[in-house]
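Here is what Swiss-Prot records for this protein:
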type	residues	note
DOMAIN	2-79	domain 'GST N-terminal'
BINDING	Y8, W39, K43, G49, Q50, M51, Q63, S64	glutathione binding site
DOMAIN	81-203	domain 'GST C-terminal'
Amino acid sequence: MPDYKVYYFNVKALGEPLRFLLSYGNLPFDDVRITREEWPALKPTMPMGQMPVLEVDGKKVHQSVAMSRYLANQVGLAGADDWENLMIDTVVDTVNDFRLKIAIVAYEPDDMVKEKKMVTLNNEVIPFYLTKLNVIAKENNGHLVLGKPTWADVYFAGILDYLNYLTKTNLLENFPNLQEVVQKVLDNENVKAYIAKRPITEV
């Protein structure tokens with residue numbers, strides 16, 4: 001079995017889908033949580049000077065979605081063929097587009113600009129994406145694609161706390177089908193065990 005390490009700050013955010021996937025598949029991994037003080041010295045050792053980073057048998061790789069896709073293949077959550085993988089990728093990329101649209105507003109440094117962008121985000125962007133995804137979940141029996149568990153479900157469940165933090169809301173409050181998607185992931189015994197022992201963090 002490969003030796004896995006996940007390098008990230010002591011937050012959920014983009015690192016949590018990786019931790020969820022490894023946990024889902026019951027693959028042991030070192031959860032290396034870097035402090036802000038440690039980061040400057042470690043930054044040059046990372047492929048692109050950023051995290052999260054996945055290390056597999058001493059080889060470091062970056063890009064959270066690519067790493068998640070790789071882990072999905074290791075834990076049996078990838079598609080059965082190229083078409084199924086395409087279907088999964090379209091959903092994951094949609095979720096990631098949603099994340100980026102939220103992040104652009106959340107990290108806007110100009111308060112006046114941010115206030116205007118928040119109106120569009122809350123009134124248009126968030127309802128659009130969540131309504132679409134909620135319908136997809138209903139059509140797929142409480143999953144995001146293919147009517148069965150895939151890494152799209154785990155990626156979404158893993159990133160959700162971060163999105164709630166950025167928007168300061170409970171995004172899924174009015175979207176029961178998406179709640180079902182997340183709950184199915186959280187009900188996995190291995191994910192449940194990971195959550196029980198992970199550090200408590202705000203984000």
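A Cβ is built for glycine as well, from the same backbone N, Cα and C atoms used for every other residue.
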Per-state residue totals over the domain 'GST N-terminal' (2-79) - DSSP helix, strand, coil: 31 helix, 19 strand, 28 coil
Mind tallying the domain 'GST C-terminal' (81-203) by DSSP state, helix then strand then coil? 91 helix, 0 strand, 32 coil
Neighbour count (Cβ, 10 Å) for K43 (glutathione binding site): 13
Neighbour-count leader, CB within 10 A, binding-site residues: Y8, W39: Y8
Would you mind listing, in sequence order, the residues at least six apart from Q50 (glutathione binding site) in the same chain with a Cβ closer than 8 Å to its Cβ? K43, H62
For a quick check of understanding: among the binding-site residues Q63, S64, which residue's Cβ has the most other Cβ atoms within 10 Å? S64
